[in-house]
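The transmembrane segment annotation in TrEMBL covers 26-47, 53-72, 93-117, 129-146, 229-250, 271-295, 311-333, 354-379, 506-528, 540-561.
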């Protein structure tokens with residue numbers, strides 16, 4: 001009978017496995033078609049215009065909107081049913097983060113609508129339809145993720161797999177479109193800066209997709225066109241976060257979840273003052289460096305070299321501090337004896353894979369810079385600072401990845417119920433009695449040995465109501481001696497507890513410091529401070545176009561790594 005049941009279970013898993021494979025292949029083909037369309041528009045392929053790309057993206061968003069509406073309506077009709085939830089997925093702080101990015105994305109869409117209105121005479125209608133559709137898509141998707149990111153879907157599984165994977169790759173294509181548009185804008189500015197650094201031998205051809213007509217209101221057009229590119233980094237982060245949350249939802253379809261409640265781990269500022277202070281100093285100084293860099297770079301050769309030197313020295317100092325903090329945290333982990341949680345967890349597995357995968361973007365750029373410095377014939381002074389900077393980028397990501405991955409896999413400390421103090425207030429001869437078993441007895445397993453036995457009280461305990469007068473007198477005589485033993489036991493326990501609390505406090509400060517440092521290092525590349533573009537040495541060694549292709553491919557992953565690391569470190573701080 002058991003064999004028949006097992007065979008039936010195995011047989012029923014095949015259709016779901018096939019549905020998973022089919023849906024993933026559908027999503028990949030959807031993404032590749034959009035990727036080629038995006039590439040064709042970027043290189044000005046014959047017969048491919050921006051309206052074709054936007055029409056494809058609008059169609060994908062409308063299909064996702066229909067699916068989300070269907071899922072929400074079906075969920076409302078089944079809200080009385082008990083549904084499985086993945087407590088590890090869709091953390092509240094992650095939802096708050098994606099909401100913040102979504103709000104800024106809505107501002108970006110409003111700027112695009114205003115830009116279209118000002119240039120409506122020469123722009124395709126799709127450029128006006130796209131931001132409107134995108135705004136509706138953003139609002140509904142954020143609501144969907146807030147309400148259903150933790151769902152473990154157990155009905156209509158085949159249909160839901162296709163709907164969720166469609167949503168995943170739709171967001172990835174919107175992310176790709178945002179990355180490409182923002183990169184083209186950065187590339188145009190970079191080409192203009194190269195002249196000031198003395199690289200006149202590089203052919204400067206601007207890739208201009210500007211409208212071929214005059215703006216109706218010049219001031220507004222300037223605000224919209226410039227503001228759009230400052231808002232793109234938030235739009236890019238929004239779509240990549242949405243795609244990761246939806247991917248976890250897709251992996252959870254049909255999954256058997258262990259029914260246990262995860263302990264809530266709220267964020268607390270208590271105990272992380274040192275880490276927050278140093279982190280805020282780094283964040284403030286980074287913002288100042290970025291502002292000065294963007295003002296100075298491209299002004300003249302001397303100003304550009306000073307801006308690059310200033311950036312490298314600041315980054316070297318910050319990365320050295322981050323490496324030191326990560327090493328200290330890992331040493332504390334080596335001193336602790338705590339097991340790792342190896343249970344199946346799609347969200348945690350995805351976090352670890354994204355950390356290593358996106359770090360490869362920074363490693364690629366760093367190794368390219370190191371090779372360029374070694375192979376170049378001429379070395380301007382500022383380029384030598386690029387060598388320790390590139391080496392530290394590689395080492396810092398090694399250490400930080402190890403710290404984060406080990407942190408999210410460590411089992412949380414559970415408070416032993418036997419150690420919890422139980423106080424029963426009774427009124428006896430006008431005194432308050434505390435029924436607390438000895439810590440020494442608890443650790444030796446001798447507290448409350450029998451079901452009916454009441455543990456002795458610490459300092460003035462009563463071992464039974466039926467004790468005679470002599471017994472009470474004897475107990476009072478031994479009170480002083482027992483209090484000495486109890487005090488020694490208490491001191492040993494509190495000593496161990498104090499050491500543990502000190503370690504936790506150090507780890508929380510390190511996590512808070514690294515969290516703010518990663519936010520700081522996200523700001524420069526996200527807002528146009530990219531020495532990989534402006535250094536110039538790599539472009540001489542590898543060639544202008546090959547190096548620009550490498551930077552444009554690797555930079556989005558490097559930017560996402562910092563934001564994802566910050567999110568992971570926030571979780572580490574909450575769990576520590």
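Just so you know, glycine gets a Cβ as well, placed from its N, Cα and C.
Here the transmembrane segment (540-561) sits apart from the transmembrane segment (271-295); fewer than 3 CB pairs are under 8 Å, leaving out pairs fewer than 6 apart in sequence. Between the transmembrane segment (271-295) and the stretches 93-117, 229-250, 311-333, the greatest number of Cβ pairs separated by less than 8 Å involves 311-333.
A Cβ distance under 8 Å defines the sequence-distant neighbours of the transmembrane segment (354-379), meaning residues of its chain 6+ beyond its ends; these are 244, 386-387, 389-391, 393-394, 397, 401, 404-405, 532, 535, 537-538, 540-542, 547, 550-551, 553-558, 560-561, 564-565, 568.
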